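Peer 1: Dumping what TrEMBL says about this protein:
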DOMAIN    36-426  domain 'Major facilitator superfamily (MFS) profile'
TRANSMEM  37-56  transmembrane segment
TRANSMEM  76-96  transmembrane segment
TRANSMEM  103-119  transmembrane segment
TRANSMEM  125-147  transmembrane segment
TRANSMEM  159-182  transmembrane segment
TRANSMEM  188-209  transmembrane segment
TRANSMEM  245-262  transmembrane segment
TRANSMEM  282-305  transmembrane segment
TRANSMEM  312-330  transmembrane segment
TRANSMEM  336-358  transmembrane segment
TRANSMEM  379-396  transmembrane segment
């Protein structure tokens with residue numbers, strides 16, 4: 001009897017514990033603490049740190065898999081992925097407006113990171129899965145909708161800046177770390193480490209991330225009906241066309257991000273072959289640019305939003321972007337590249353400021369849709385930019401084999417987001 005009572009008490013304790021971590025409406029884990037920006041920050045950091053580690057190994061595998069027309073093939077892969085992201089981001093955002101953010105955070109992070117272990121298993125499958133993963137590789141849209149759920153309008157620009165700065169922070173050291181580990185221990189270890197970090201991110205979402213969408217805005221269960229009109233990406237596009245402000249914002253994002261996406265996809269080649277940067281100089285350039293971007297997207301962005309307002313902050317960021325693109329193009333000395341890098345860091349205030357503006361134009365139950373539209377436009381640019389530049393490389397017979405194929409050299413890519421997402425998805 002005594003042993004039976006102990007078992008019964010243990011079972012009761014387990015039931016009580018389960019009740020504490022279960023939400024009333026369907027059994028989703030509550031998470032740790034209340035929803036906060038820091039939950040979103042950790043999710044973004046782990047995802048892009050994992051991909052940053054793979055900068056060097058991916059370039060090696062890309063060249064080995066497609067020894068001819070390497071940049072053209074990379075552009076085509078990213079083009080397919082970007083197109084799929086463009087079509088799916090509004091759908092994912094709309095569904096998250098109905099069923100909550102947590103499940104879609106899990107879905108997007110899982111499929112964004114799914115190709116990682118395939119790098120050493122089958123390179124062909126690796127690049128194939130990267131292409132089709134664009135359907136779900138829209139983490140930023142769900143993350144920004146998550147942040148919108150838990151912040152007031154006047155807090156969102158700072159919160160979005162913090163998330164964007166975290167993305168920059170994840171790329172400050174991860175490419176160099178991945179290149180060093182690959183050179184010393186081999187690329188297999190780097191892939192294993194990146195896979196482990198991706199799994200840690202998934203576990204963090206499952207265990208620690210609480211749902212941000214208020215319970216009253218969600219259906220009683222996943223079986224609740226949702227109209228196709230609400231989730232159809234083309235219907236979302238139609239709605240955007242009817243909202244002149246959101247339409248203008250989407251056009252702004254497209255025109256500003258398209259050249260930047262193409263630039264970042266080839267910039268390491270430009271620094272190495274045209275400006276004659278050493279591998280160490282490029283690594284230092286990446287680190288300094290990342291640190292300056294973090295400062296710009298947190299401290300500077302907050303000051304600008306309070307002093308000159310949201311719209312003028314966007315205009316200032318676009319001005320910095322025009323200046324840095326022209327400076328990179330016409331600069332002929334290494335010091336000019338460093339100066340242009342500082343201007344590029346300042347231009348990074350544009351995206352969080354745009355996200356804050358579009359968030360203010362949308363209702364609370366449409367945050368996922370509007371952020372999905374912005375992420376979809378960025379995804380389209382992430383595909384079209386590298387594809388356009390890859391085609392230009394193909395015309396002028398520029399190939400990756402012109403670079404020394406050492407681990408150190410390959411660790412100097414300036415932006416792995418434009419090889420993989422993303423947002424990437426960006």
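In case you wondered, yes, glycine gets a Cβ from its N, Cα and C as well.
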Peer 1: Return the stretch with the most CB pairs under 8 A relative to the transmembrane segment (159-182), choosing among 76-96, 103-119, 245-262, 312-330, 336-358.
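Peer 2: So the stretch in question is 336-358.
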Peer 1: Do the transmembrane segment (336-358) and the transmembrane segment (245-262) share at least 3 Cβ pairs under 8 Å, sequence separation 6 or more?
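Peer 2: The answer is yes, given that the two segments have at least 3 Cβ pairs within the 8 Å cut-off.
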Peer 1: Report, as numbers and ranges, which residues of the same chain sit near the transmembrane segment (188-209): CB under 8 Å and 6 or more residues beyond its ends.
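Peer 2: That would be 29, 31-32, 35, 39, 42-43, 46-47, 49-51, 53-54, 56-57, 102, 105-106, 109-110, 113, 116-117, 119-120, 178, 181-182.
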